[in-house]
Amino acid sequence: MLRRDFLKYSVALGVASALPLWSRAAFAAERPALPIPDLLTADASNRMQLIVKAGQSTFAGKNATTWGYNGNLLGPAVQLHKGKSVTVDIHNQLAEDTTLHWHGLEIPGIVDGGPQGIIPAGGTRTVTFTPQQRAATCWIHPHKHGKTGRQVAMGLAGLVLIEDDEIRKLRLPKQWGIDDVPVIIQDKRFSADGQIDYQLDIMTAAVGWFGDTLLTNGAIYPQHSAPKGWLRLRLLNGCNARSLNIAASDNRPLYVIASDGGLLAEPVKVTELPLLMGERFEVLVDISDGKAFDLVTLPVSQMGMAIAPFDKPHPVMRIQPLRITASGTLPDTLTTMPALPSLEGLTVRNLKLSMDPRLDMMGMQMLMKKYGAQAMSGMDHDSMNAHMQGGNMGHGEMDHGNMDHSGMNHGAMGNMNHGGKFDFHNANFINGQVFDMNKPMFAAQKGRHERWVISGVGDMMLHPFHIHGTQFRILSENGKAPAAHRTGWKDTVRVEGGISEVLVKFDHDAPKEHAYMAHCHLLEHEDTGMMLGFTV
């Protein structure tokens, strides 16, 4: 053995022995390099092209049909600039209709890309808009009603990077794909022949579609080699239904610098970072010690999501520091957050999220039959028992006093427990109603703050609630003050058996034909009715 090979081998053994057992097991296998999406920028005429297409990808040695934007799987990182208009031609080369939603962007309803913004098979849709919001990491994904879950599962997702003058002045890591790294995390389930195995059925309508394989930027357990110093990770939970809890395998801290809608006032130090479906957080991690480690997701208490291999810490990616050092820094302060306005006299909208108890019961039975007791591991047994006794349709906890009742179908709320043909495609509700594309639930006033009270009381399911056309502030989350890293600009809030309140404002028009959406971002809940439209 040559001396240099011996040294390299010794170093590798040293690195491997420093890692936990579940990580070391895979050390011998050659890991792929973390795929880095290309940056897509507008041309000289402020125009860009996105092509929605089918392709082929390889997972664990088997070829699978996948869908992507401008490629086989996922898509480019679309780069936008605050105050600069852009025109995007979206060409749909799939054999079915789709839409393209700009998740997190504050743009008019007509270009938002919700379920009304259909791009027919073989067709093209052109949108023009001017981002006026602060720098943020957002994303694109399809929003075809009833098909969103499947189209995302097939691979349609990509990042959107909004830049502004303020963030350019900060000395954050900003070398794309080197020390400024996108991390799109998704789980997949594959059939025996290697194809993506998506089903919308009673079980998935209840708990969501989840897989047993974790992909990071479309690759299984990849490695990223980065310069020593500060490493910036732009995290996106792109899963259909799985919440994540991100940590470093050696417990080194993560410094959260931005949430869905942009920079926090100052970095927030955490050792665990819960990440709901559709959420983005930007974190900085110090890798100046030169030691390799894994980014992992820790087990969560969400129903069905602690089934092996997710019953223990699961690697997302390996981070391998290089000998060279990068120049990015972690600033002490990042931006100035505006003070919250007075809540006196604001319009209050009460939204109640619920599930047809027949779907609830049958979905849970199917989950238990397929996976056994492990399906419920980590769950709170008291709330589970109350849930199993039919508690999830109670209405007593709703505050009717100052409620906007205009969109509520009381007949449906009273009757959905009884009789009627059961259709799991229409078995998830907001205020007792399934989504109706032709009937917006209410009209919000442009430029005025509103307080939205979103209740999941009586329902133990996790509902990451997403609102289009705005970046809001969380007033309370499941009855508690928001965690420090969740006090910034957000477009998604956790609703899980409790009540969450957000302060929203809409600065763009959304007419009936292109209403904004508000919905659960567990995609199978959204696809089976837990969504509403509203106008501005």
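For all residues, glycine too, the Cβ spot is worked out from N, Cα and C.
As given in Swiss-Prot:
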SIGNAL    1-28  signal peptide
DOMAIN    53-165  domain 'Plastocyanin-like 1'
BINDING   HIS101, HIS466  Cu cation 1 binding site
BINDING   HIS103, HIS141, HIS521  Cu cation 2 binding site
BINDING   HIS143, HIS468, HIS519  Cu cation 3 binding site
DOMAIN    229-295  domain 'Plastocyanin-like 2'
DOMAIN    424-536  domain 'Plastocyanin-like 3'
BINDING   HIS463, CYS520, HIS525  Cu cation 4 binding site
So of HIS101, HIS143, HIS468, HIS521, which of the binding-site residues has the fewest other Cβ atoms within 10 Å around its own Cβ?
HIS101
Helix-strand-coil residue split for the domain 'Plastocyanin-like 1' (53-165), DSSP-based:
11 helix, 51 strand, 51 coil
Should any of the binding-site residues HIS101, HIS466, HIS521, HIS525 have a Cα within 10 Å of the Cα of HIS143 (Cu cation 3 binding site), which are they?
HIS101
Env. residues of Cu cation 3 site, Cβ within 8 Å of mean position of HIS143, HIS468, HIS519 Cβ:
HIS101, HIS103, ASP112, GLY114, PRO115, HIS466, TYR516, MET517, ALA518, GLU526, MET531
Have a look around HIS525 (Cu cation 4 binding site) and count the other CB atoms within 10 A of its CB, chains all included.
29
Using C-alpha atoms only, work out the spacing between HIS468 (Cu cation 3 binding site) and CYS520 (Cu cation 4 binding site) and round it to an integer in Å.
11
Among HIS103, HIS463, HIS466, the binding-site residues in question, whose Cβ has the most other Cβ atoms within 10 Å in this structure?
HIS463
Using C-alpha atoms, which one of the binding-site residues HIS101, HIS466, HIS519, CYS520 comes nearest to HIS141 (Cu cation 2 binding site)?
HIS101
